[in-house]
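Here the structure is laid out as structure tokens; the discussion comes afterwards.
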Amino acid sequence: MSTIAESTAPVSAAIATTAQIRSWKIPITFGGFAVLSLILFVVLGRGQRGELSTFRLSEARDLIQLPEMALPTFATGVIIAIVLVLLAAASVWLVYRHRKIPIVLTILFALLFLVGFLAWAASGSTIPVPGLLIGTVTLSAPLIFGALGGVLSERAGVVNVAIEAQLLAGAFSSAVVASATGNPYIGLLAAMVAGALVSMVLAAFALKYLVDQVIVGVVLNVLVIGLTSFLYSQVLAPSANLNSPDVFPRLNIPLLSEIPIIGPVLFRQTIIVYIMYVAVAVVYFGLFRTKWGLRVRAVGEHPQAADTVGINVNRTRFVAVTLGGVISGFGGAYFTLGAVGAFNKEMTNGMGFIALAAVIFGQWHPIKATLAALLFGFATNLQNVLGIIGSPVPSEFMLMLPYVVTIFAVAGFVGRSRAPAADGKPYIK
Amino acid sequence: MSDLTAPAAPAPAAPAAGPGRKDGSERWTQSLRDITGGSAMISILAVVFALVVGAILIAFTNERVQETAGYFFSRPADLLQAVWDAVAGAYSALFQGSIYNFRAQNFLTAIRPLTETLTFATPLIAAGLGVGLAFRVGMFNIGGRGQMLIAAGAAGYVAFAVELPAGIHLIVAILAGLLGGAIWGGIVGLLKARTGAHEVIVTIMLNFVALYLIQFLLRTPGALQAPGSNNPKTPPMLSTAVFPDLFGPRYNLHAGFLTVIAATIFVWWLLSRSNLGFQFRAVGQNPSAARVAGINVKNVYLYAMAISGALVGLAGINQVLGTVTTGFGSGIDAGIGFDAITVALLGRSKPWGIFAAGILFGAFKAGGFSMQAAEGVPIDIVVVVQALIVLFIAAPPLVRAMFHLPTPGTTRKPKISAVKASKSNEVVAK
């Protein structure tokens, strides 16, 4: 992964000196989506006989009831398509005049496209907006934990491909320990310990034995999948009492949970999600506002310089990687204690790799990685919701959508994401 | 990622670098040190150690062992006997399922497991070559699943829906599959070259896109779905497009194995004898230096990923035209795309290394199934053993430290431990 960092440096320098190069990436992406919206909402427009698309904004048990929003499907689609075309034209004009495209414009574009798409898909039926968003936060939880763990480790200069292994180890040990002790909180602790153990193996091989970090990561994934599957077949499957942990209930936070839309989405979740909010804030604060975080970033960017000023590079890296494992492992507990209530073979099902994608998509920044993880969670849940109300497109294409959007986003908006300079390189004095 | 090709394998320093003149006995000790600490020894010890860990796991989870452990102090022999039975039973089933079956009536039946091993190894080698090639160019191809599925879909469609004379049909089907894999891999290379999109993200995403695309096609009549069926499965391949059996119908081994041998020779030629391969390796070592030397790095990314995708696609082709010819579903990739990563790592991204690693993993797979059937040991133990082998082979200093082996190329220095010595050796190698 060091290739990226090496190849970007001269390119960005070239841009800085000439400063007259226009980047057409965003206009092209906007244009593509504008054309797509014209085709979907206008040419293939649904609801031409006056159907309505209804957005339900409140759940039945909410104190403050918002009215349902009913939009005429076809008219909404046409208006949104026209606005999107105008926005795309505006972006072309801005780039042509060498102006920067404001981030607000991008967010507005994405939101409008989303509303247009939802209206189009929900022609003649109702979309439960709170349900859509609640599921998004819930489904994103393991991704966010995994991505935070990955960010911590990679900021310190150790490539972490083993997020999948950390999640799976956390899921397995939390299920077993919570069942054996009858206390899900001890299960959470066990998940953290398991994640940390996986990380320590990664760190030991990467830092002490100087094995290529991608190799260790991939092998650890395979190893943990094999170990947990083997133990599941041999130990858990025959005796069910080792694999039936209590699942955390949803906790409503008084007052906050009654705020319209935001309340149910953010404050009627399980304790795992609440700890996730804290974890995001702590990782951000720790990395960017503390002396320790400065050191972690220093050993990830320029270990030699850090060593010169007296920072113990390998010890700092070891601690950061282990903490990353603690966080990822905690996320693994979501699968067993937060959702399913039992361990299954390979139950993380590639989520660790999506979390890895979120780390890179989020440019190795905890907040951006969290947003990327939320995007994946949203897309997954959107497909679930549209599957229930009856989607006009084949469900496979709905399932495909988040991944296609990610490819477009990575190619169009993010472009060359720059890894920490020393990511993946062992430090040898 | 520049040192992926030779993961932490310290280049043995030239013997001439040794201090001063040596008499005969010293030279002998020196040779002995080089052999016992060398990479063949490390590989053997890694396999042995991984099997020992596997044995411990098998013994610990065995019911009879747990029973006898309860009265260990009154009758310890029972426990030892149970451990021996569990471990020996499992490993002898593994051996008899993968290499030679002693219980068979005659030689032709007894050797059948070996052909099974080669059958399982065929797609592993092909996909391993693809992943390994990408490693050599400094890229990580986790998109094996998607590339295999697209290639299988393309080859399979030609094989069951197009009618051509025998021979030509097979070749056209293979070409269609290779093209499918090359396109699916090429998209990644193109995006990386033109927009800088990270290949790890794009390959992971394309895995899912390919999976859902194939699932959609498998339930769409007229595309991949068998006519008159509601199952998401294709019709059987036409006999003109199926790889012929190599040793007759008694064995599953098919001519796909020959394509894999050809692919190995091709990759060897490409990497070590061709101009393009030189550019590949140059970019893999240092893209900036390669660009300065006048190599078009962007094109290298595109070509490398396309060839890598085609090679991984060959694994998919082998699955549908050789192993499962009665029609396939969306699980046809059978996790080979991910196994290929470990195969490539074990083979150190070198063509013949990958060939050998593929056969070893094929043996584990073939033996694992018979072990599960005969002894009830879950096949997952094989995955654990494979992972441990790769882990230990990737870390020679660890194995040397565990077995107190000397570091090759160094002379006896009592004060420096093996690990430290190899570290300093590492610096010299860089």
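Glycine too: its Cβ is placed from the backbone N, Cα and C atoms.
The region 'Disordered' annotation in TrEMBL covers B:1-26. For B:40-61, B:82-100, B:120-139, B:146-162, B:168-191, B:200-218, B:251-271, B:300-321, B:354-373, B:379-403, the entry in TrEMBL reads transmembrane segment.
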Positions whose Cβ lies under 8 angstroms from the transmembrane segment (B:354-373), at least six residues beyond its ends: 90, 93-99, 113, 116-122, 124-125, 128-129, 132, 260-261, 264, 339, 342-344, 346-347, 379, 381-382, 385-386
Dominant neighbour of the transmembrane segment (B:120-139) in B:40-61, B:82-100, B:146-162, B:200-218, B:300-321, by Cβ pairs under 8 Å: B:300-321
Among the ranges B:82-100, B:146-162, B:251-271, B:300-321, the one whose Cβ pairs under 8 Å to the transmembrane segment (B:200-218) are most numerous: B:146-162
Range from B:40-61, B:168-191, B:300-321 with most C-beta pairs under 8 A to the transmembrane segment (B:251-271): B:300-321
Surrounding residues of the transmembrane segment (B:146-162) on its own chain - C-beta under 8 Å, 6+ positions past either end: 123, 127, 130, 169, 172-174, 176-181, 183-185, 203, 206-211, 213-214, 217, 223-224, 234-238, 241-242, 309-310, 312-317, 319-321, 327-328, 330, 332-333, 336-337
Contacting positions for the transmembrane segment (B:300-321) when only residues 6+ beyond its ends and CB under 8 Å are counted: 122-124, 126-127, 129-131, 133-134, 137, 139, 141, 143-144, 147-152, 155-156, 159, 170, 173-174, 177-186, 188-190, 192-193, 199, 237, 241-243, 254, 256, 259-260, 263, 267, 270, 276, 279-280, 283, 290, 328, 332-334, 336-337, 340
